[in-house]
Amino acid sequence: MSRRRNAARAAGAPPRRGRVAHALGSMLLGVLLAALALQGWWVARIAALRFIDPSSTTFQRSELWRLLQTGDAHRWRQQWVPYERISPHLKRAVVAAEDAGFVDHFGVDWDAVTAAWQRNQRLRDRARGHGDGPVRPARVAGGSTITQQLAKNLFLSGERTLWRKGQELWLTWMLEALLNKRRILEIYLNSVEWGDGVFGAEAAAQHYFRKSAAQLSATEAARLAALLPAPKRYGRRLAAGTAPSHTRVILERMGSVRLP
């Protein structure tokens, strides 16, 4: 009798392998649904940026927390100003310095990415030097567009993984699809870092030149744009009266860029 019950139970129960497959399928479905929900949440946040100015970015919050921990929160400066109250010189300088093809691409400038990769290879080869001496560190060139930088600053952490890079590209394309170029540049200029605790064009203009962002001259704008690759390091130099060496190059390129 017991053998019959065991046989019946075995016949009615799904195979062990089937139960495992079912559990894995449920887990994958849950992960997929969670990922879709996250993407939908980001899409909603980006769509809201068409009408609502962001109060802060992920990067800004991490920097504010760092300053709070070190007792330097008094350095924090940020003030939003509309696009019309930012000097055209600064808009041109930033586009010339960071993303000359800003108005033409859809978030990613593949030519710039290729050029940056080739330049980094040359820098690494040069840094190795000659002989068996120690390898000197090379400054790495980036190929990120203004929209990519904005996507990182708004939503992402500083970790470097393939998953994060994929999220950055997705967010970049969503920004381009849901916002126009003028709005992207407006948010970027108001949220980008210009020095230790200095965020946005207005705060930068007041901090370095004691004037509003609308009053910046072409030379002053070029000096600010030159800070963007390394705002903390270059910001200290500019505060001490020394402009970054590539300021002149930016000034020369400003007349050839197009604005949205």
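Even glycines carry a Cβ here, placed using N, Cα and C.
Just so you know, TrEMBL annotations never went through curation; they're auto-generated.
According to TrEMBL, the feature domain 'Glycosyl transferase family 51' maps to 74-254.
Proximity of distant same-chain residues to the transmembrane segment (20-42), defined by a Cβ-Cβ separation under 8 Å and at least 6 residues beyond the stretch ends, is recorded for 14, 155, 170-171, 174. Taken from TrEMBL, the feature transmembrane segment applies to 20-42.
Taken together, the residues in the domain 'Glycosyl transferase family 51' (74-254) have a mean pLDDT of 87 on the 0 to 100 scale.
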